[in-house]
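Chemist: These came from TrEMBL, pasted as-is:
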- Asp405: active site, 4-aspartylphosphate intermediate (ACT_SITE)
- Asp405, Lys406, Thr407, Glu538, Phe580, Lys604, Arg639, Thr719, Gly720, Asp721, Arg815, Lys821, Asn844, Asp845: ATP binding site (BINDING)
- Asp405, Thr407, Asp841, Asp845: Mg(2+) binding site (BINDING)
- 43-97: domain 'P-type ATPase N-terminal' (DOMAIN)
- 867-1107: domain 'P-type ATPase C-terminal' (DOMAIN)
- 492-513: region 'Disordered' (REGION)
- 73-91: transmembrane segment (TRANSMEM)
- 97-115: transmembrane segment (TRANSMEM)
- 285-310: transmembrane segment (TRANSMEM)
- 337-359: transmembrane segment (TRANSMEM)
- 916-940: transmembrane segment (TRANSMEM)
- 978-1002: transmembrane segment (TRANSMEM)
- 1008-1029: transmembrane segment (TRANSMEM)
- 1041-1063: transmembrane segment (TRANSMEM)
- 1083-1103: transmembrane segment (TRANSMEM)
Amino acid sequence: MTWRSPLALMRDAILSQKAREKELRSLVSNLPFEGLGKSKQPNRFFKSNAIKTNKYTPLFFIPMNLYEQFHRLANIYFVGLAILNFIPVVNAFQPEVALIPICVIMFLTALKDGWEDFRRYQSDKKLNNTPCLIYSRKEKRFMERRWKDVRVGDFVKVVSNETVPADLLLLHTSDPNNVCHIETANLDGETNLKQRKSNVFEPESFNWTVVCEKPNNNLNHFKCFVEKPDREKTGAGIESLLLRGCTVRNTEHSVGFVVYAGHETKSMLNNNGPRYKRSKLERRLNVDVFFCVLLLFIMCLIGSLGHYLWLKGLSDVPPFLVSDSKGHLDSPGLSSFYMFFTMIILLQILIPISLYVSVELVKIGQIFFIVTDVDLYDEETDSRVQCRSLNITEDLGQIEYIFSDKTGTLTENKMVFRRCSIMGTEFAHKENGKEVTFTRYTTKYNMVEYLLSFFSKFLKVRSSSPSHQTYNSLESFSSLVKRWNIFDTPKRNSSPIEDSAGDDANGVQPCSSDPVTLSARPAAASEDLCYEAESPDEAALVYAAKTYGFTLLARTPDSVTVRVPSGEELVFEVLDTLAFDSNRKRMSVLVRHPITREYVLYTKGADYAIMELLGTGQQKKIATDTQYHLDCYAKDGLRTLCITKKIVSGREYQSWLVDRKRALAAIEGREELMMDSAVQLETQLTLLGATGIEDRLQESVPDTITALREAGIKVWVLTGDKPETALNIGYACRLLEEEDLVINMSCKNKVTCISILDCTLEEVRRFHADPRNVDTTQKISLMIDGDTLAIALSPDLQDRFLDLAKRCRSVLCCRVTPLQKSRVVKLVRDKLKVMTLAVGDGANDVNMIQAADVGIGISGQEGMQAVMASDFAISRFKHLKKLLLVHGHWCYTRLANMIIYFFYKNAAYVNLLFWYQFYCGFSGTAMIDYWLMIFFNLFFTSTPPIMFGIMDKDVSAEMLMGVPDLYRTGQGSGEYNFLTFWISMLDAFYQSLVCFFVPYLAYQGSDVDIFTFGTPLNTSSLFIILLHLGIEIKSWTVVHWIIMLGSVALYFIVTLAYSAICVTCNPPSNPYWILQNQMADPMFYLICIISTVVALLYTFYVLKNSVAPSPLIQAKHLDRMKPSVREMWMKEWRSLRGGMEVKESRLSTPPSPTLETSVDFYPGFGDAASFVGDDLSLNVLTDQKPVDT
């Protein structure tokens, strides 16, 4: 290794920083520079591929870990007090003793941090030394190296089933279609294969310059172009990038050019470590710690003032006040100042040092019980609940608002093709793989064009037979120019052809009359194909087409191969794909027809995004009929999709191709240019038809939503579906009830939206102001579309919208974008100051999930993006019921009660020392040995509250599930609030007074020494504190008995051993044989019994539940009944608490908001006009019958 001057190193560091901060990077091959020194390497300024995620080194572990731990104010506080105790004028007891508690806590924390960091070091070492293949110019072949040896500008070869070592620009694959298949499960959790495209090249001849953007963490976007020596630019995007951590599948080998390495790869930039959120209870805890500090300050101030008054009251200097070497005594004022700090040291345990550690242990235990709950296990997917955020389990018990996606969350997301409309003619389909019913005969050519459009999607085909190749490729079009017949033409009055299986009834009735039933001609036998789709809708369409003989055989980046019913195969040349985006709401594919050689653009998308792009002329009639069919589909709860085509002339295509290539090669503004090029082509479309696909509700969704609403949780559904579809699903899942008053808000301008909000709010307020409606509850639900929501979310309308929404039982937002979902969640969370939960299953729900206080992902059919971004992951929506109503309630009540008990325990014990100061001249003296004081909180009373927080069950799971109303006890301020904190502190003050003055009165006038007085006092406090916890425990188990009795036994064993052995452990104190002598004195037992009984005669918990039992106490009594009797009482309770006795209400008709536009009220929505309006639609929907799905 050559020596380099510090100036050269500094210069390289500055140049490296500048090179890495540039928006664009120019990368060249390392091959011409192979063997040269590092200073001559062209890409030397970029990071190597070695990674380091561990924080510590053996040499600097101690100082760095101490630095990390001192970021916690509690640690600084206790270390400061320990140091303060080393100052002679203020020390309260032996200085070394004061260090023990904080040292034990910090040592255990350092041990945990060190072990975790060592595991990260081992993982890094294993990863950095993973073998890989790097091309060598000298050897003329790929050589085996390590991941840490990979540099930007290298050529790396990855074989099948190997992991990609760095971010590679794909340049070559072994696949004849230049395609590489990768699995990105390690990055986004998705197991379906993705395609990446490449070009043919040789490393030796690669003399291009790769220009790419600065590294970022966006896994779905990549901007890059390759510049050839002749200045020609070729654009590349994410479809050509192999990300570090992906696995190559079904491809023998692939070769790529390293663009990002090590910590600059997209996967490493997304590795932000464990998720951390602060729970609501933790924030409340910090406030109460501040109150304890304030209380400690007041007690120390009283001690300081009392010491001053005591010194002032002395007539002469007592002999126990020792002067300094010069015979000088401090003045009373100075002594009281010193005494203030002495009292802080003495009473420091008022601040619970071990509370934070105990809370972490309790949360780990709670997570264990959640994860191991068999009721939250899904056998079909072999998955259980995942806890991805370890510190907000208690928030599950305080949820007030739930925001849910629809598709894949409330529904199965397993699509079944049900209906289609072709050129204005409607067809109904029984089920995938079964018969089809045609309402009337349709033109042969139109049917073919429509069905062929199904195949031009992003679909990957793989054979289920291992003997077949993964992708079938057809090399010529010469034999594929024949015409074919699809269906036999029936006579008008011919009888229907019966299905061989006897399946003659369709699940859905056709929209038009006089139907003629036809059976699809069996297609030629084909191999058993399995389709992998980016969307379940696409898979349903392709499987349905396959049923009628149109079989998708192969899909490559450049072609689509389809077998038609005649047995012939067509190969469509794919020229370009215009991917779906949330702005256009559609996707297109440009193909070359194998017979006519025409350029054809097929487009599929939402109806409102497609209809406005249609051409004029005869399309109006077809569009009108198709729109009517779409409305029928939506009212039946089907997912709708429009499909169109466009014949593109050769001149138009060539002109468009220039703009498209320019957009692909752009770095700045690429997304805008790509969208502009897509919009440029997607005009004057010809409507082929529409489809209706059924997405069934998941099991037990209606029951779950009903239970959540009874629990006081408001449920909002945010979906991108049509209003009719959303409304149908709303009734089916019981988000909306038949007797609900449904307000449908739809408007296109701000003035109208303001009028709607004002008149509706006025009517709602008028209802509440009416004295006749005091005991009634309005059953109002709100439905709002995306355009209206965008207006309502404007800053000046937010408050009015929220005022209306919070008065509704449920809210249904349709046609909303992912960004609007997150904005709604943030608005409700921040404005109403409530606990929010968002649940979804797809990538479009990620923003909403991350915006909520608690995010829950469902591992369904839409990949794992939602799960990866969530705090908790479940496999079915129905699991939300037990997760919240049972585990959420338990986690919150356990932790809240444990924290309250911790504050009580420390206050009760430290007050014993405080009361003693009134009888020792406020001198900071303790009547309990310092070691026993430390052991008291560190060992004797630390384990029972932890076990209490992990295992206690105030009410059984059956009762919590049967009576969801019990969940309300945790909402809002819950059981742990300002009042309960101070009541527990008053309990502590009362019990400490009893515990102190019973021994004081018993020994008054005697000559017992200080430790003889303190030992029964210490023992009594142990019994009082543990028995107080025993009263708080709702469900005793063997573990509780062992821990409680073990704590008492440990106290006596340790104290007896300490009294027998430790004669000079804490000079000048002498605790020798104190407890042994006490246990031989009957007075000791009498004091302990009287103190314990009198102290526990009154506790606020017992008094409150005796005078006014809480719902939880009533539920606990029901738990003790026989199952049959308990079930009867649960039904009675649920009927009363669920609001069945509340009178139904109806809003009167509000006045018209504007002179130009009227507000209409429809008794139902059977009329298509219910959802169609030019400027305004405020429909009140009642008595709607739900449609089973």
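Note that Cβ sites are derived from N, Cα and C of the backbone, with glycine treated the same way.
In TrEMBL, annotation is done automatically, which means it is predicted and not curated.
On this model, are these features tucked inside or out on the surface, and what's nearby?
Modeler: Using a 10 Å Cβ-Cβ cutoff, Arg815 (ATP binding site) registers 21 neighbours.
The number of other Cβ atoms within 10 Å of the Cβ belonging to Asp405 (active site, 4-aspartylphosphate intermediate), over all protein chains shown, comes to 28.
For the domain 'P-type ATPase N-terminal' (43-97), the model gives a mean pLDDT of 85.
The list of residues near the transmembrane segment (73-91) in space but at least 6 beyond its ends in sequence, with Cβ under 8 angstroms from a Cβ of it, reads 98-99, 101-102, 105-106, 289, 330, 338-339, 341-342, 344-345, 348, 351, 353, 356.
Through the fold, the transmembrane segment (97-115) approaches residues 56, 61-62, 65-66, 68-69, 75, 78-79, 81-82, 85, 345, 353-354, 357, 930-931, 934, 937-938, 1066 of its own chain, all at least 6 residues removed from its boundaries and within a Cβ separation under 8 Å.
Through the fold, the transmembrane segment (285-310) approaches residues 74, 332-333, 335-337, 339-341, 343-344, 347-348, 350-352, 355, 359, 899, 903, 907, 914, 917-918, 921-924, 981, 985 of its own chain, all at least 6 residues removed from its boundaries and within a Cβ separation under 8 Å.
Nonlocal intrachain contacts for the transmembrane segment (916-940), taken as residues 6+ away from its ends with a CB within less than 8 angstroms of a stretch CB, comprise 92-94, 97, 100-101, 104, 303-304, 306-307, 310-311, 339, 342-343, 345-346, 349, 353-354, 905-906, 909, 996, 1000, 1010-1011, 1013-1015, 1017-1018, 1022, 1047, 1050-1051, 1054-1055, 1058, 1062, 1065-1066, 1069, 1071.
Sequence-distant contacts of the transmembrane segment (1008-1029) (same chain, at least 6 residues past either end, Cβ-Cβ under 8 Å): 901, 904-905, 908-909, 912, 925-929, 932, 936, 940-941, 944-945, 948, 987, 991-992, 994-996, 998-1000, 1044, 1047-1048, 1051, 1055, 1069-1071, 1074-1075, 1077-1078, 1083-1084, 1087-1088, 1091-1092, 1095-1096, 1099.
Residues 929, 931-932, 935, 939-941, 943-944, 947, 1015, 1019, 1022-1023, 1026, 1029-1030, 1070-1076 of the same chain lie 6 or more positions beyond the ends of the transmembrane segment (1041-1063) yet place their CB under 8 Å from a CB of it.
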Chemist: In terms of Cα spacing, which of the recorded positions Asp405, Arg639, Arg815 are within 10 angstroms of Asp845 (Mg(2+) binding site)?
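Modeler: Of everything listed, what lies within 10 Å of Asp845 (Mg(2+) binding site) (Cα to Cα) is Asp405.
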Chemist: Go through the chain and flag residues at least 6 beyond the ends of the transmembrane segment (1083-1103) whose CB is under 8 A from any CB in it; none is fine as an answer.
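Modeler: For the transmembrane segment (1083-1103), the sequence-distant neighbours (Cβ-Cβ under 8 Å, at least 6 residues beyond its ends) are 983-984, 986-987, 990-991, 994-995, 998-999, 1002, 1015-1016, 1019-1020, 1023-1024, 1027-1028, 1031-1032.
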Chemist: Mind giving me a neighbour count for Asp841 (Mg(2+) binding site)? Other Cβ atoms within 10 Å of its Cβ, every protein chain shown.
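Modeler: Total other Cβ atoms inside 10 Å, all chains included: 33.
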Chemist: Which one is it: of the binding-site residues Arg639, Arg815, Asn844, whose Cα lies the shortest distance from the Cα of Asp405 (active site, 4-aspartylphosphate intermediate)?
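Modeler: Going through Arg639, Arg815, Asn844 one by one, the closest to Asp405 (active site, 4-aspartylphosphate intermediate) is Asn844.
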Chemist: Would you pick out, from the binding-site residues Thr407, Asn844, the residue whose Cβ has the largest number of other Cβ atoms within 10 Å?
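Modeler: That would be Thr407, with the most Cβ atoms nearby.
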Chemist: Between Phe580 (ATP binding site) and Asp841 (Mg(2+) binding site), what C-alpha distance do you get in Å?
Modeler: 19
Chemist: Restricting to the same chain and to sequence separations of six or more, state which residues have a Cβ under 8 Å from that of Gly720 (ATP binding site).
Modeler: Thr407, Gly786, Cys814, Arg815, Val816, Thr817, Asn844
Chemist: If one measures from the C-alpha of Asp841 (Mg(2+) binding site) to the C-alpha of Arg639 (ATP binding site), what distance in angstrom results, rounded to a whole number?
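Modeler: Here the two Cα atoms lie 17 Å apart.
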Chemist: For the transmembrane segment (978-1002), give me same-chain residues lying six or more residues beyond its boundaries with a C-beta closer than 8 angstroms to one of its C-beta atoms, as numbers and ranges.
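Modeler: For the transmembrane segment (978-1002), the sequence-distant neighbours (Cβ-Cβ under 8 Å, at least 6 residues beyond its ends) are 288, 291, 295, 900-901, 903-905, 907-909, 911-912, 914-916, 919, 1013, 1016-1017, 1020-1021, 1024, 1028, 1083, 1086-1087, 1090-1091, 1094-1096, 1098-1100.
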Chemist: DSSP on the domain 'P-type ATPase N-terminal' (43-97): how many residues come out helix, how many strand, how many coil?
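Modeler: Split into helix, strand and coil, the domain 'P-type ATPase N-terminal' (43-97) gives 24 helix, 0 strand, 31 coil.
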Chemist: Drop a 10 Å sphere on every Cβ of the binding-site residues Phe580, Arg639, Asp845 and tell me which sphere holds the fewest other Cβ atoms.
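Modeler: Per-residue Cβ counts within 10 Å for the binding-site residues Phe580, Arg639, Asp845 bottom out at Phe580.
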